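Inspection log for the structure reproduced underneath, given as structure tokens.
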Amino acid sequence: MIPGRIFLVLLVIFNTKPIHPNTLTEKYYESTCSVETAGYKSALRTGWHMTVMSIKLSQINIESCKSSNSLLAHELAIYSSAVDELRTLSSNALKSKRKKRFLGLILGLGAAVTAGVALAKTVQLESEIALIRDAVRNTNEAVVSLTNGMSVLAKVVDDLKNFISKELLPKINRVSCDVHDITAVIRFQQLNKRLLEVSREFSSNAGLTHTVSSFMLTDRELTSIVGGMAVSAGQKEIMLSSKAIMRRNGLAILSSVNADTLVYVIQLPLFGVMDTDCWVIRSSIDCHNIADKYACLARADNGWYCHNAGSLSYFPSPTDCEIHNGYAFCDTLKSLTVPVTSRECNSNMYTTNYDCKISTSKTYVSTAVLTTMGCLVSCYGHNSCTVINNDKGIIRTLPDGCHYISNKGVDRVQVGNTVYYLSKEVGKSIVVRGEPLVLKYDPLSFPDDKFDVAIRDVEHSINQTRTFFKASDQLLDLSENRENKNLNKSYILTTLLFVVMLIIIMAVIGFILYKVLKMIRDNKLKSKSTPGLTVLS
């Protein structure tokens, strides 16, 4: 190991403080029921680093040990079985059914492993193996230029072969497998364990593992590989302090097993963009209720954002990035590129500089979304939503609506029967006040089940609905007006007819009264003018 690499190892060992002691700030935006947690620095994967690993093997004739019940004979049988299994798995076994399964799997994984698979296929060739063998003849590590022009780091693990050749075989040749040197047997078990675990992992994963275990690559080997990467000392420092992340994001690909060598490719992430600002957006559902009709919306731009070359790398899922020592380790293969103006959606969803995305629904949901330093709680309907302190019990019952609960003095939140435990991350919490965006919408005209759409499209849909309702109201008013006019005409005609009939009736009654009065008057006049008659007997 060169002095520079020794320095890196010592730096990681003695640096017990976080590499990036940043202060996190969590802002709750009341208008959109969302939280932005900022203060992280980036560690973005921009490529892969390939290493060809070669474990040297030894040919051991175990025929003479088959009749022995010794511990050594048992261990030799396990060693032989592991080598046979690896040969079956390797792409050199042309007639193997497992080979088809292996190739189908690695070819179906896409661009993430294309380079590693291509390299694994290349070093299957005897000519390439010979190049590697010659390059590492006098050292266990060397950069090898392959015939296809690719340069790779080649590492050789020969401790197992050296032990078998120099210590174990001489003993077997003298006393067969009845070796009573228990120290030698235990040492063989220890060295053999790596080969057995590598065989087990490749066998269980059809020749390709999605992580790099400490058997595939020891910590010492990993440190040596990172120390030789063509990146800055600061980048090496961050990667060496995050070995677990390096392993979880790496791959191991079986290449070949020949007479004396097991060859496989280790593909490690290369984090090329460092120390730019990163933040994460998390949101929950916000609803507006009128007469048991709901309008609900949520931001659809959740995820991680990191500055990268004048724009933002956007990772749609909050799980796309892994946090360690204040750094967000993210894979650019999972990212989208968005303009820096997208951050304006935090304070103004109607910004004209970017199409802010939301999802809509007419069905409420009560739930909680954990944030870095608290929790967003959406509480609606008849659900019980409580804030709990471990020592004091329930300290608050939440009304309907969206609420931000800081982790200060709070241990957990319960929504219905579900309990959410808050993290104990320390930082600064800020509440940005504002009228909930959802309050401006009428549940009757609110669109149902739109996912990841621009808010201007939602506005357009709402305006269309409002236009339809307005047109319907106008038609209804017109119909009512016509009915009212018809009713008025009927009323007038009826009134006129009644008046005419009343006049006629009164005229008839007047005429009759006139006739009766005239007859009475005529009779009186006649009785006065006629003389009286005397009757004689």
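Heads up, the Cβ atoms here are built off N, Cα and C, so glycines get one too.
Not measured: the values here are computed from a predicted model.
For the annotation N-linked glycosylation site, the record in Swiss-Prot points to Asn463 among the listed residues Asn463, Asn488.
When the candidates Cys330, Cys356 are compared with Swiss-Prot, only one is recorded as disulfide-bonded to Cys345, and it is Cys356. Checked against Cys345 (disulfide bond) by C-alpha proximity, the disulfide-bonded residues Cys296, Cys306, Cys330, Cys385 yield Cys306 as the nearest. Fewest Cβ neighbours within 10 Å among the disulfide-bonded residues Cys321, Cys330, Cys345, Cys356, Cys385: this applies to Cys356. Within 10 Å of the C-beta of Cys287 (disulfide bond) there are 27 other C-beta atoms, taking all protein chains into account.
Close to Cys278 (disulfide bond) in the fold, though at least 6 residues off in sequence, lie Ala38, Tyr40, Lys41, Ser42, Trp304, Tyr305, Cys306, His307, Cys321, Ala328, Cys330, each with a CB less than 8 Å from its CB.
Cα separation, Cys385 (disulfide bond) to Cys356 (disulfide bond), rounded: 30 Å.
Counting every protein chain shown, the Cβ of Cys379 (disulfide bond) has 24 other Cβ atoms within 10 Å. Cβ neighbours of Cys296 (disulfide bond) (same chain, under 8 Å, six or more residues apart in sequence): Ile285, Asp286, Cys287, His288, Thr360, Ser361, Lys362, Thr363, Tyr364, Val365, Val438.
Each residue in the topological domain 'Cytoplasmic' (516-537) has a pLDDT score, and their mean in this model is 62.
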